(Lines of atoms letter the chains of each structure in order from A and count residues from 1; the text may use other names and numbers.)
(Lines give C-alpha, C1' and ligand atoms only; values in the text may rest on other atoms or scores of the structure.)
Protein backbone atom coordinates (compact mmCIF):
# COMPACT_ATOMS: atom_id res chain seq x y z
CA UNK A 1 0.00 0.00 0.00
CA UNK A 2 2.90 2.40 0.65
CA UNK A 3 4.52 1.84 -2.74
CA UNK A 4 4.37 4.55 -5.37
CA UNK A 5 2.95 3.05 -8.54
CA UNK A 6 2.77 4.26 -12.13
CA UNK A 7 1.08 3.10 -15.32
CA UNK A 8 -0.23 4.27 -18.68
CA UNK A 9 -3.97 4.77 -18.16
CA UNK A 10 -4.99 5.08 -21.82
CA UNK A 11 -5.08 2.32 -24.47
CA UNK A 12 -1.80 1.86 -26.30
CA UNK A 13 -2.00 3.34 -29.76
CA UNK A 14 -1.63 6.66 -31.52
CA UNK A 15 -4.11 9.38 -30.65
CA UNK A 16 -4.50 12.92 -29.35
CA UNK A 17 -3.14 12.20 -25.85
CA UNK A 18 -1.81 9.46 -23.61
CA UNK A 19 -2.21 9.63 -19.84
CA UNK A 20 0.37 8.40 -17.32
CA UNK A 21 -0.83 8.09 -13.71
CA UNK A 22 1.36 8.06 -10.59
CA UNK A 23 0.01 7.32 -7.10
CA UNK A 24 1.77 7.17 -3.75
CA UNK A 25 3.86 9.13 -1.27
CA UNK A 26 6.60 9.83 -3.83
CA UNK A 27 4.27 10.87 -6.66
CA UNK A 28 4.78 14.63 -6.24
CA UNK A 29 8.56 14.28 -5.89
CA UNK A 30 8.68 12.23 -9.10
CA UNK A 31 6.61 14.87 -10.90
CA UNK A 32 8.97 17.62 -9.70
CA UNK A 33 11.98 15.75 -11.06
CA UNK A 34 10.28 15.01 -14.37
CA UNK A 35 9.28 18.66 -14.90
CA UNK A 36 12.21 20.37 -13.13
CA UNK A 37 9.51 22.47 -11.44
CA UNK A 38 9.06 22.72 -7.66
CA UNK A 39 5.69 24.33 -7.00
CA UNK A 40 2.38 22.65 -7.86
CA UNK A 41 -0.98 23.83 -6.55
CA UNK A 42 -3.33 20.84 -6.15
CA UNK A 43 -5.99 20.45 -8.86
CA UNK A 44 -4.42 23.05 -11.15
CA UNK A 45 -3.36 22.14 -14.68
CA UNK A 46 0.17 23.07 -15.75
CA UNK A 47 1.83 22.89 -19.16
CA UNK A 48 5.33 21.59 -18.47
CA UNK A 49 8.34 20.20 -20.28
CA UNK A 50 8.98 16.56 -19.35
CA UNK A 51 12.61 15.47 -18.92
CA UNK A 52 14.43 12.19 -18.38
CA UNK A 53 18.05 12.47 -17.22
CA UNK A 54 18.13 16.02 -18.56
CA UNK A 55 16.81 15.00 -22.00
CA UNK A 56 13.58 16.68 -23.13
CA UNK A 57 10.86 14.10 -23.87
CA UNK A 58 7.71 16.15 -24.46
CA UNK A 59 5.62 19.16 -23.50
CA UNK A 60 2.64 17.88 -21.50
CA UNK A 61 -0.28 18.87 -19.31
CA UNK A 62 0.23 17.80 -15.68
CA UNK A 63 -2.13 17.82 -12.68
CA UNK A 64 -1.35 17.13 -9.02
CA UNK A 65 -4.07 15.75 -6.70
CA UNK A 66 -3.09 15.99 -3.03
CA UNK A 67 -4.12 13.19 -0.66
CA UNK A 68 -6.77 12.40 0.39
CA UNK A 69 -8.62 14.30 -2.35
CA UNK A 70 -7.78 11.96 -5.22
CA UNK A 71 -9.10 8.79 -6.84
CA UNK A 72 -6.84 6.53 -4.76
CA UNK A 73 -6.83 8.65 -1.60
CA UNK A 74 -3.05 9.09 -2.01
CA UNK A 75 -1.02 11.79 -3.74
CA UNK A 76 -1.78 11.33 -7.44
CA UNK A 77 -0.14 12.95 -10.47
CA UNK A 78 -1.40 12.73 -14.03
CA UNK A 79 0.73 13.47 -17.08
CA UNK A 80 -1.17 14.04 -20.32
CA UNK A 81 1.41 13.76 -23.10
CA UNK A 82 1.06 13.54 -26.87
CA UNK A 83 -0.54 10.27 -27.92
CA UNK A 84 2.44 8.35 -29.22
CA UNK A 85 2.84 4.97 -27.46
CA UNK A 86 6.65 5.20 -27.63
CA UNK A 87 6.54 8.60 -25.97
CA UNK A 88 4.17 7.37 -23.24
CA UNK A 89 6.42 4.37 -22.60
CA UNK A 90 9.47 6.64 -22.30
CA UNK A 91 7.73 8.86 -19.74
CA UNK A 92 6.53 5.80 -17.81
CA UNK A 93 10.08 4.42 -17.79
CA UNK A 94 11.32 7.76 -16.46
CA UNK A 95 8.81 7.45 -13.59
CA UNK A 96 10.08 3.95 -12.84
CA UNK A 97 13.68 5.16 -12.92
CA UNK A 98 12.77 7.78 -10.29
CA UNK A 99 11.44 5.20 -7.83
CA UNK A 100 7.93 4.25 -8.88
CA UNK A 101 7.10 0.66 -9.69
CA UNK A 102 4.86 -0.55 -12.49
CA UNK A 103 1.26 -0.87 -11.25
CA UNK A 104 -0.46 -4.23 -11.34
CA UNK A 105 -3.79 -4.64 -13.13
CA UNK A 106 -6.49 -2.79 -11.18
CA UNK A 107 -4.07 -1.56 -8.51
CA UNK A 108 -5.20 2.07 -8.65
CA UNK A 109 -8.78 0.94 -8.00
CA UNK A 110 -7.60 -1.41 -5.27
CA UNK A 111 -5.92 1.52 -3.51
CA UNK A 112 -9.15 3.53 -3.84
CA UNK A 113 -11.08 0.66 -2.27
CA UNK A 114 -8.64 0.09 0.59
CA UNK A 115 -8.56 3.83 1.31
CA UNK A 116 -12.39 3.88 1.50
CA UNK A 117 -12.77 6.10 -1.57
CA UNK A 118 -15.07 3.54 -3.24
CA UNK A 119 -17.03 0.51 -2.07
CA UNK A 120 -17.32 -2.83 -3.85
CA UNK A 121 -20.50 -1.92 -5.73
CA UNK A 122 -18.88 1.24 -7.11
CA UNK A 123 -15.73 -0.67 -8.07
CA UNK A 124 -17.83 -3.26 -9.92
CA UNK A 125 -19.72 -0.48 -11.72
CA UNK A 126 -16.52 1.23 -12.86
CA UNK A 127 -15.14 -1.87 -14.56
CA UNK A 128 -18.53 -2.71 -16.13
CA UNK A 129 -18.80 0.83 -17.51
CA UNK A 130 -15.56 0.18 -19.38
CA UNK A 131 -16.67 -3.23 -20.67
CA UNK A 132 -20.35 -2.48 -21.32
CA UNK A 133 -21.55 -3.01 -24.91
CA UNK A 134 -25.22 -2.21 -24.24
CA UNK A 135 -26.27 1.42 -24.37
CA UNK A 136 -29.47 0.77 -22.44
CA UNK A 137 -27.59 -0.32 -19.31
CA UNK A 138 -25.13 2.58 -19.14
CA UNK A 139 -27.48 4.70 -17.04
CA UNK A 140 -27.91 1.98 -14.42
CA UNK A 141 -24.14 1.55 -14.22
CA UNK A 142 -23.58 5.30 -13.89
CA UNK A 143 -26.07 5.42 -11.02
CA UNK A 144 -24.32 2.50 -9.35
CA UNK A 145 -20.98 4.28 -9.74
CA UNK A 146 -22.57 7.31 -8.09
CA UNK A 147 -23.32 5.10 -5.08
CA UNK A 148 -27.05 4.45 -5.42
CA UNK A 149 -26.70 0.67 -5.01
CA UNK A 150 -24.64 1.28 -1.88
CA UNK A 151 -27.38 3.56 -0.50
CA UNK A 152 -30.05 0.95 -1.29
CA UNK A 153 -28.10 -1.83 0.44
CA UNK A 154 -27.17 0.32 3.45
CA UNK A 155 -30.80 1.38 3.94
CA UNK A 156 -31.89 -2.26 3.82
CA UNK A 157 -29.10 -3.21 6.20
CA UNK A 158 -30.13 -0.45 8.62
CA UNK A 159 -33.72 -1.65 8.52
CA UNK A 160 -32.69 -5.23 9.29
CA UNK A 161 -30.40 -4.08 12.12
CA UNK A 162 -33.37 -2.34 13.75
CA UNK A 163 -35.38 -5.55 13.52
CA UNK A 164 -32.45 -7.47 14.98
CA UNK A 165 -32.14 -5.02 17.87
CA UNK A 166 -35.87 -5.30 18.62
CA UNK A 167 -35.60 -9.08 18.56
CA UNK A 168 -32.63 -9.06 20.94
CA UNK A 169 -34.57 -6.88 23.39
CA UNK A 170 -37.47 -9.34 23.37
CA UNK A 171 -35.06 -12.25 23.90
CA UNK A 172 -33.78 -10.50 27.03
CA UNK A 173 -37.38 -10.47 28.30
CA UNK A 174 -38.14 -14.01 27.14
CA UNK A 175 -40.53 -14.68 30.01
CA UNK A 176 -43.06 -12.34 28.42
CA UNK A 177 -45.21 -13.25 25.42
CA UNK A 178 -44.19 -11.84 22.05
CA UNK A 179 -46.65 -9.06 21.12
CA UNK A 180 -48.80 -10.13 18.16
CA UNK A 181 -48.61 -6.67 16.60
CA UNK A 182 -44.80 -6.97 16.64
CA UNK A 183 -44.98 -10.25 14.72
CA UNK A 184 -47.38 -8.80 12.16
CA UNK A 185 -45.26 -5.68 11.68
CA UNK A 186 -42.02 -7.64 11.30
CA UNK A 187 -43.61 -10.12 8.89
CA UNK A 188 -44.86 -7.29 6.67
CA UNK A 189 -41.48 -5.57 6.86
CA UNK A 190 -39.65 -8.72 5.79
CA UNK A 191 -42.09 -9.35 2.93
CA UNK A 192 -41.42 -5.86 1.54
CA UNK A 193 -37.66 -6.28 1.93
CA UNK A 194 -37.65 -9.67 0.23
CA UNK A 195 -39.79 -8.30 -2.62
CA UNK A 196 -37.40 -5.38 -3.21
CA UNK A 197 -34.41 -7.74 -3.25
CA UNK A 198 -36.16 -10.13 -5.67
CA UNK A 199 -37.00 -7.23 -7.97
CA UNK A 200 -33.33 -6.22 -8.07
CA UNK A 201 -32.23 -9.82 -8.64
CA UNK A 202 -34.82 -10.51 -11.37
CA UNK A 203 -33.93 -7.34 -13.25
CA UNK A 204 -30.21 -8.13 -13.02
CA UNK A 205 -30.74 -11.68 -14.32
CA UNK A 206 -32.82 -10.36 -17.23
CA UNK A 207 -30.15 -7.79 -18.00
CA UNK A 208 -27.41 -10.42 -17.89
CA UNK A 209 -29.24 -12.47 -20.51
CA UNK A 210 -29.74 -9.33 -22.59
CA UNK A 211 -26.03 -8.48 -22.38
CA UNK A 212 -25.20 -11.75 -24.12
CA UNK A 213 -27.03 -10.37 -27.14
CA UNK A 214 -30.18 -11.50 -28.89
CA UNK A 215 -29.34 -14.42 -31.19
CA UNK A 216 -31.04 -13.98 -34.57
CA UNK A 217 -30.84 -16.83 -37.09
CA UNK A 218 -31.34 -16.14 -40.79
CA UNK A 219 -32.77 -19.24 -42.49
CA UNK A 220 -34.16 -20.04 -45.91
CA UNK A 221 -33.69 -22.19 -48.96
CA UNK A 222 -30.56 -21.70 -51.10
CA UNK A 223 -30.51 -18.43 -53.08
CA UNK A 224 -33.42 -16.91 -51.17
CA UNK A 225 -31.14 -14.00 -50.32
CA UNK A 226 -29.98 -14.85 -46.77
CA UNK A 227 -26.38 -13.78 -47.27
CA UNK A 228 -27.46 -10.63 -49.10
CA UNK A 229 -29.70 -9.87 -46.13
CA UNK A 230 -26.77 -10.33 -43.72
CA UNK A 231 -24.59 -8.04 -45.83
CA UNK A 232 -27.37 -5.44 -45.92
CA UNK A 233 -27.70 -5.48 -42.15
CA UNK A 234 -23.93 -5.15 -41.72
CA UNK A 235 -23.69 -2.56 -44.52
CA UNK A 236 -20.70 -4.51 -45.83
CA UNK A 237 -19.90 -7.57 -47.94
CA UNK A 238 -19.39 -10.09 -45.13
CA UNK A 239 -20.93 -13.19 -46.75
CA UNK A 240 -20.23 -14.50 -50.24
CA UNK A 241 -23.21 -14.00 -52.56
CA UNK A 242 -23.58 -16.27 -55.59
CA UNK A 243 -26.25 -17.69 -57.89
CA UNK A 244 -24.78 -21.15 -57.24
CA UNK A 245 -26.84 -23.08 -54.69
CA UNK A 246 -25.03 -24.18 -51.53
CA UNK A 247 -22.50 -21.31 -51.52
CA UNK A 248 -22.91 -20.84 -47.75
CA UNK A 249 -21.86 -24.15 -46.19
CA UNK A 250 -21.32 -23.03 -42.61
CA UNK A 251 -22.89 -20.57 -40.19
CA UNK A 252 -21.50 -17.03 -40.20
CA UNK A 253 -21.93 -14.97 -37.03
CA UNK A 254 -21.60 -11.20 -36.67
CA UNK A 255 -22.62 -8.74 -33.94
CA UNK A 256 -24.47 -5.49 -34.57
CA UNK A 257 -26.33 -2.98 -32.40
CA UNK A 258 -29.98 -2.24 -33.05
CA UNK A 259 -31.61 0.55 -31.03
CA UNK A 260 -29.27 0.03 -28.08
CA UNK A 261 -29.52 -3.78 -28.13
CA UNK A 262 -26.71 -6.16 -29.05
CA UNK A 263 -27.81 -8.62 -31.75
CA UNK A 264 -25.85 -11.67 -32.89
CA UNK A 265 -26.69 -12.29 -36.55
CA UNK A 266 -26.29 -15.91 -37.65
CA UNK A 267 -26.34 -16.54 -41.40
CA UNK A 268 -26.99 -20.22 -42.05
CA UNK A 269 -26.53 -22.67 -44.89
CA UNK A 270 -29.52 -22.94 -47.23
CA UNK A 271 -31.93 -25.62 -46.01
CA UNK A 272 -32.49 -28.26 -48.70
CA UNK A 273 -31.88 -31.94 -49.41
CA UNK A 274 -28.27 -32.35 -50.50
CA UNK A 275 -25.97 -35.23 -51.43
CA UNK A 276 -22.91 -33.14 -50.56
CA UNK A 277 -21.55 -34.27 -47.17
CA UNK A 278 -20.07 -30.89 -46.25
CA UNK A 279 -23.24 -29.03 -47.24
CA UNK A 280 -25.32 -31.48 -45.18
CA UNK A 281 -23.17 -30.70 -42.14
CA UNK A 282 -23.80 -27.00 -42.73
CA UNK A 283 -27.55 -27.62 -42.96
CA UNK A 284 -27.45 -29.57 -39.68
CA UNK A 285 -25.73 -26.59 -38.04
CA UNK A 286 -28.43 -24.34 -39.49
CA UNK A 287 -31.16 -26.40 -37.86
CA UNK A 288 -29.19 -26.52 -34.60
CA UNK A 289 -28.88 -22.73 -34.56
CA UNK A 290 -32.68 -22.47 -34.48
CA UNK A 291 -32.77 -24.29 -31.14
CA UNK A 292 -30.50 -21.71 -29.51
CA UNK A 293 -31.65 -18.50 -31.16
CA UNK A 294 -34.11 -15.91 -29.81
CA UNK A 295 -35.55 -14.66 -33.11
CA UNK A 296 -35.76 -16.25 -36.57
CA UNK A 297 -35.66 -14.47 -39.90
CA UNK A 298 -37.34 -16.86 -42.34
CA UNK A 299 -36.35 -15.68 -45.83
CA UNK A 300 -38.51 -16.43 -48.89
CA UNK A 301 -37.91 -15.41 -52.51
CA UNK A 302 -40.93 -13.30 -53.48
CA UNK A 303 -40.03 -13.55 -57.17
CA UNK A 304 -40.50 -17.34 -57.35
CA UNK A 305 -43.49 -19.64 -56.71
CA UNK A 306 -43.47 -21.72 -53.54
CA UNK A 307 -41.71 -25.05 -53.94
CA UNK A 308 -40.84 -28.07 -51.83
CA UNK A 309 -37.87 -26.39 -50.13
CA UNK A 310 -40.11 -23.47 -49.08
CA UNK A 311 -42.66 -25.82 -47.51
CA UNK A 312 -39.83 -27.65 -45.72
CA UNK A 313 -38.74 -24.28 -44.33
CA UNK A 314 -42.30 -23.53 -43.18
CA UNK A 315 -42.37 -26.87 -41.32
CA UNK A 316 -39.02 -25.99 -39.74
CA UNK A 317 -40.34 -22.60 -38.56
CA UNK A 318 -43.48 -24.20 -37.13
CA UNK A 319 -41.44 -26.77 -35.19
CA UNK A 320 -39.01 -24.17 -33.84
CA UNK A 321 -41.81 -22.22 -32.12
CA UNK A 322 -39.65 -19.09 -31.86
CA UNK A 323 -40.54 -15.44 -32.56
CA UNK A 324 -40.39 -15.20 -36.34
CA UNK A 325 -40.10 -12.49 -38.96
CA UNK A 326 -41.09 -13.76 -42.41
CA UNK A 327 -38.98 -11.81 -44.88
CA UNK A 328 -40.29 -11.70 -48.45
CA UNK A 329 -37.09 -10.80 -50.25
CA UNK A 330 -36.58 -9.42 -53.77
CA UNK A 331 -39.73 -7.29 -53.88
CA UNK A 332 -38.06 -5.28 -56.65
CA UNK A 333 -38.94 -8.17 -58.99
CA UNK A 334 -42.37 -9.28 -60.23
CA UNK A 335 -44.04 -11.22 -57.38
CA UNK A 336 -44.80 -14.90 -58.06
CA UNK A 337 -44.91 -16.30 -54.52
CA UNK A 338 -48.40 -17.43 -53.41
CA UNK A 339 -48.62 -15.30 -50.27
CA UNK A 340 -51.99 -16.58 -49.04
CA UNK A 341 -50.80 -20.18 -49.27
CA UNK A 342 -47.67 -19.26 -47.31
CA UNK A 343 -49.77 -17.59 -44.60
CA UNK A 344 -52.15 -20.54 -44.36
CA UNK A 345 -49.30 -22.98 -43.70
CA UNK A 346 -47.65 -20.90 -40.96
CA UNK A 347 -48.96 -22.09 -37.57
CA UNK A 348 -46.92 -19.71 -35.39
CA UNK A 349 -47.18 -15.98 -34.60
CA UNK A 350 -45.09 -14.08 -37.12
CA UNK A 351 -44.38 -10.63 -38.48
CA UNK A 352 -44.30 -10.05 -42.26
CA UNK A 353 -41.83 -7.83 -44.11
CA UNK A 354 -41.38 -7.22 -47.83
CA UNK A 355 -37.96 -5.87 -48.76
CA UNK A 356 -35.00 -6.14 -51.08
CA UNK A 357 -31.31 -5.99 -50.33
CA UNK A 358 -30.39 -3.70 -53.23
CA UNK A 359 -31.13 -0.71 -50.96
CA UNK A 360 -29.11 -1.72 -47.90
CA UNK A 361 -29.99 1.28 -45.73
CA UNK A 362 -33.74 1.00 -46.36
CA UNK A 363 -33.59 -2.75 -45.78
CA UNK A 364 -31.72 -2.26 -42.49
CA UNK A 365 -34.23 0.36 -41.34
CA UNK A 366 -37.19 -1.91 -42.10
CA UNK A 367 -35.61 -4.90 -40.38
CA UNK A 368 -34.53 -2.87 -37.35
CA UNK A 369 -38.10 -1.80 -36.70
CA UNK A 370 -39.40 -5.36 -37.02
CA UNK A 371 -36.64 -6.94 -34.92
CA UNK A 372 -36.71 -4.34 -32.14
CA UNK A 373 -40.42 -5.06 -31.60
CA UNK A 374 -39.35 -8.40 -30.07
CA UNK A 375 -36.92 -6.82 -27.59
CA UNK A 376 -38.11 -6.66 -23.96
CA UNK A 377 -38.89 -3.12 -22.85
CA UNK A 378 -36.70 -2.66 -19.77
CA UNK A 379 -36.87 0.50 -17.66
CA UNK A 380 -33.20 1.02 -16.85
CA UNK A 381 -33.71 4.68 -15.94
CA UNK A 382 -35.07 3.83 -12.49
CA UNK A 383 -33.41 0.48 -11.87
CA UNK A 384 -30.36 -0.61 -9.92
CA UNK A 385 -28.19 -3.42 -11.26
CA UNK A 386 -26.03 -6.23 -9.91
CA UNK A 387 -23.02 -6.65 -12.17
CA UNK A 388 -21.18 -9.72 -10.88
CA UNK A 389 -21.85 -13.29 -9.85
CA UNK A 390 -20.53 -12.51 -6.36
CA UNK A 391 -23.11 -9.74 -5.92
CA UNK A 392 -25.97 -11.93 -7.14
CA UNK A 393 -24.91 -14.83 -4.92
CA UNK A 394 -24.75 -12.53 -1.89
CA UNK A 395 -28.25 -11.17 -2.55
CA UNK A 396 -29.66 -14.66 -3.18
CA UNK A 397 -28.23 -15.76 0.18
CA UNK A 398 -29.72 -12.69 1.87
CA UNK A 399 -33.17 -13.50 0.42
CA UNK A 400 -32.85 -17.13 1.55
CA UNK A 401 -31.95 -16.09 5.10
CA UNK A 402 -34.75 -13.51 5.28
CA UNK A 403 -37.27 -16.15 4.22
CA UNK A 404 -35.92 -18.42 6.96
CA UNK A 405 -36.16 -15.58 9.46
CA UNK A 406 -39.79 -14.98 8.48
CA UNK A 407 -40.55 -18.69 8.96
CA UNK A 408 -39.11 -18.61 12.50
CA UNK A 409 -40.70 -15.42 13.78
CA UNK A 410 -42.10 -17.10 16.88
CA UNK A 411 -38.69 -18.52 17.83
CA UNK A 412 -36.72 -15.34 18.37
CA UNK A 413 -33.31 -17.00 18.73
CA UNK A 414 -33.65 -18.63 15.29
CA UNK A 415 -35.19 -15.46 13.85
CA UNK A 416 -32.20 -13.40 15.04
CA UNK A 417 -29.73 -15.98 13.73
CA UNK A 418 -31.16 -15.92 10.20
CA UNK A 419 -31.54 -12.14 10.27
CA UNK A 420 -27.88 -11.73 11.21
CA UNK A 421 -26.89 -14.14 8.42
CA UNK A 422 -28.86 -12.01 5.93
CA UNK A 423 -27.08 -8.85 7.14
CA UNK A 424 -23.69 -10.55 6.74
CA UNK A 425 -24.61 -11.51 3.16
CA UNK A 426 -25.52 -7.89 2.40
CA UNK A 427 -22.15 -6.77 3.76
CA UNK A 428 -20.47 -8.67 0.93
CA UNK A 429 -22.13 -6.35 -1.61
CA UNK A 430 -20.51 -3.15 -0.37
CA UNK A 431 -18.07 -3.89 2.43
CA UNK A 432 -14.49 -5.25 2.35
CA UNK A 433 -13.75 -8.88 1.63
CA UNK A 434 -12.05 -10.65 4.50
CA UNK A 435 -8.92 -11.91 2.73
CA UNK A 436 -6.30 -10.19 0.62
CA UNK A 437 -6.38 -13.19 -1.73
CA UNK A 438 -10.01 -12.47 -2.65
CA UNK A 439 -9.16 -8.81 -3.20
CA UNK A 440 -6.24 -9.69 -5.47
CA UNK A 441 -8.49 -12.01 -7.49
CA UNK A 442 -11.14 -9.33 -7.96
CA UNK A 443 -8.85 -6.47 -9.00
CA UNK A 444 -6.75 -8.64 -11.33
CA UNK A 445 -9.64 -8.41 -13.83
CA UNK A 446 -9.05 -4.67 -14.22
CA UNK A 447 -6.80 -3.09 -16.81
CA UNK A 448 -3.45 -1.43 -16.10
CA UNK A 449 -3.77 2.17 -15.00
CA UNK A 450 -7.25 1.60 -13.54
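Placement of Cβ uses the backbone N, Cα and C atoms for every residue, glycine included.
According to Swiss-Prot, the protein has these features:
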type    : residues                  : note
BINDING : 21, 78, 117, 450          : (6S)-5-formyl-5,6,7,8-tetrahydrofolate binding site
BINDING : 223-228, 242-248, 267-270 : GTP binding site
BINDING : 223, 242, 244, 247        : K(+) binding site
BINDING : 227, 248                  : Mg(2+) binding site
DOMAIN  : 213-376                   : domain 'TrmE-type G'
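Everything Swiss-Prot records as a feature, shown here on the structure.
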{"residue": "21", "record": "(6S)-5-formyl-5,6,7,8-tetrahydrofolate binding site", "CB count, 10 Å": "25"}
{"residue": "78", "record": "(6S)-5-formyl-5,6,7,8-tetrahydrofolate binding site", "CB count, 10 Å": "21"}
{"residue": "117", "record": "(6S)-5-formyl-5,6,7,8-tetrahydrofolate binding site", "CB count, 10 Å": "18"}
{"residue": "223", "record": "GTP binding site", "CB count, 10 Å": "20"}
{"residue": "226", "record": "GTP binding site", "CB count, 10 Å": "31"}
{"residue": "227", "record": "Mg(2+) binding site", "CB count, 10 Å": "25"}
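Ranking the binding-site residues 223, 226, 227 by Cα distance from residue 21 ((6S)-5-formyl-5,6,7,8-tetrahydrofolate binding site) puts 227 first. Ranked by Cα separation from residue 78 ((6S)-5-formyl-5,6,7,8-tetrahydrofolate binding site), the binding-site residues 223, 226, 227 are led by 227.
The separation of residue 117 ((6S)-5-formyl-5,6,7,8-tetrahydrofolate binding site) from residue 223 (GTP binding site), Cα to Cα, is 60 Å.
You'll find the Cα of residue 117 ((6S)-5-formyl-5,6,7,8-tetrahydrofolate binding site) roughly 52 Å from the Cα of residue 227 (Mg(2+) binding site). Per-residue pLDDT, averaged over the domain 'TrmE-type G' (213-376), rounds to 76.
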